[in-house]
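Pulled from TrEMBL:
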COMPBIAS  9-19  compositional bias 'Low complexity'
DOMAIN    29-459  domain 'Amino acid transporter transmembrane'
REGION    1-26  region 'Disordered'
TRANSMEM  35-54  transmembrane segment
TRANSMEM  60-82  transmembrane segment
TRANSMEM  158-178  transmembrane segment
TRANSMEM  184-208  transmembrane segment
TRANSMEM  274-293  transmembrane segment
TRANSMEM  313-334  transmembrane segment
TRANSMEM  377-397  transmembrane segment
TRANSMEM  403-422  transmembrane segment
TRANSMEM  434-456  transmembrane segment
Amino acid sequence: MGEGDDPQSPLLESVSSHSASEEAPLKRTGTQWTAVAHIITGVIGAGVLSLAWSTAQLGWVLGPICILIFAAITVVSTFLLCDCYKYPDPEHGTIRNRSYMQAVKLYLGEKQQWICTVFATESLYGCGIAYTITAAASVRAILKSNCYHREGHDAPCVYGDSVYMLLFGLVQIVMSQIPDFHNMAWLSVVAAVMSFSYSSIGLGLGLAKVIENGTIKGTITGVSASSILDKLLLAFEALGDIAFAYPYSIIVFEIQDTLKSPPPENQTMKKASMYAIVITTAFYLCCGCFGYAAFGDSTPGNLLTGFGFYEPYWLVDLANACIVLHLVGGYQIFSQPVFAMGERWFTYKFPNSGFVNNYYSCKLPLLPELQLNLFRLVFRTVYVVSTTALAVLFPYFNSVLGVLGALNFWPLGIYLPVEMYFKQKKIRKWSREWIFYRSFSMFCLLITIVGFIGSVGELVIDELS
């Protein structure tokens, strides 16, 4: 695609496998069900494992209600974004927004785009950190589960996290050489199957524990705390954790850009989003509620690695193995937009650089021929190494998830989608629709503020202790 073929800046073109001047017209073959797989892979990840703990902090009334509220918020914000993929018309527009940042620049201008870029990059980068922490915790849980089975539940089975974070990082260095989203349908399907597997196992183990206990644990107000301030901080952190578990606004355009048409991409994406959110919400409610019902005030921060479950040990091992395999794919789903953005920028700034633009054929035994780009190899390797290093420095599962969820929930998931929708539909100020979406945005801003306060407070306490 040459520069003259697209009315937008080359900075925003999707150039991840070849230089802009050599890129062939993109063939979109995605369907509603591949989109569902991409969404589930991106949404059901580290967040689902903290929902039992979040429900425990909020109690039997607010816990499930908050999960449903976040599901509804995600549906609304995603539908707004689906209509902004094409410009100026949602179905027949001639300009495609192939990334979130590209859409923000088109609708809201370059200044808002740079603000968005900071939050978007931080959000995607943060997911890589969270997924590294979670994957290492699951590997450690497998080792501890086998140790407890051999030595007894009171055995001192102690394993560190750092080595397993480094191993996960090495795997991601290899996986990150997948060129882009259009080459990842198989990975998303595998990862989605893994997410169903471990969510189902967690749900089943929670239900079995409830039956074994013969009672439903928990209270209306949730886990008690030593003071009102501590209770508020924990409740606010729980909101941040739920916020992390849901929104996927930052990858909506990349997924929608894989869809074939007809039917119009926005219609297909809305259906896929609705199916995916219904499925994930059902899992979230079951995992959150059964986990809390099984353990009450003792609900662990991570349902499958906090060792509320000891037996059957092989099933706990299987669930954690599924988590690791899923997070391998989930890490890539959230990293590919960062890779594409960075590579587009360097291609635009250094069009004559062989290091940035040249591709070399590489044939390995038993594998198809690979197209190797030296810049892509170095850039993506440095990215993975940095996320791994930060995960090693801050291995606090619930607090990290809460900070990331709260920090990005409103600006990326609510504010910018609402503003872009206003521009797309030319919504008049003080009309009913304008008032509704403004009120919706302010409500979500309040959630972000309290979630961020609670999560940062707990992160500081964890680090000091």
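Any Cβ shown, glycine's included, is placed from N, Cα and C.
Those TrEMBL annotations? Automatic predictions, nothing curated.
Pairs of Cβ atoms less than 8 Å apart link the transmembrane segment (60-82) most often to 274-293, out of 35-54, 274-293, 313-334. Among the stretches 158-178, 274-293, 377-397, 403-422, 434-456, the one making the largest number of Cβ pairs under 8 Å with the transmembrane segment (313-334) is 158-178. Between the transmembrane segment (403-422) and the stretches 158-178, 377-397, 434-456, it is 434-456 that has the most C-beta pairs under 8 angstroms. Under the criterion of 3 or more C-beta pairs below 8 Å, with sequence separation of 6 or more, the transmembrane segment (158-178) and the transmembrane segment (377-397) qualify as touching. Panel annotation: around the transmembrane segment (377-397), residues 46, 49-50, 125, 128-130, 132-134, 136-137, 161-162, 165-166, 168-169, 172-173, 176-177, 301-302, 335, 338-339, 342-343, 346, 459, 462-463 of the same chain, lying at least six beyond its termini, place a Cβ under 8 Å from a Cβ of the stretch.
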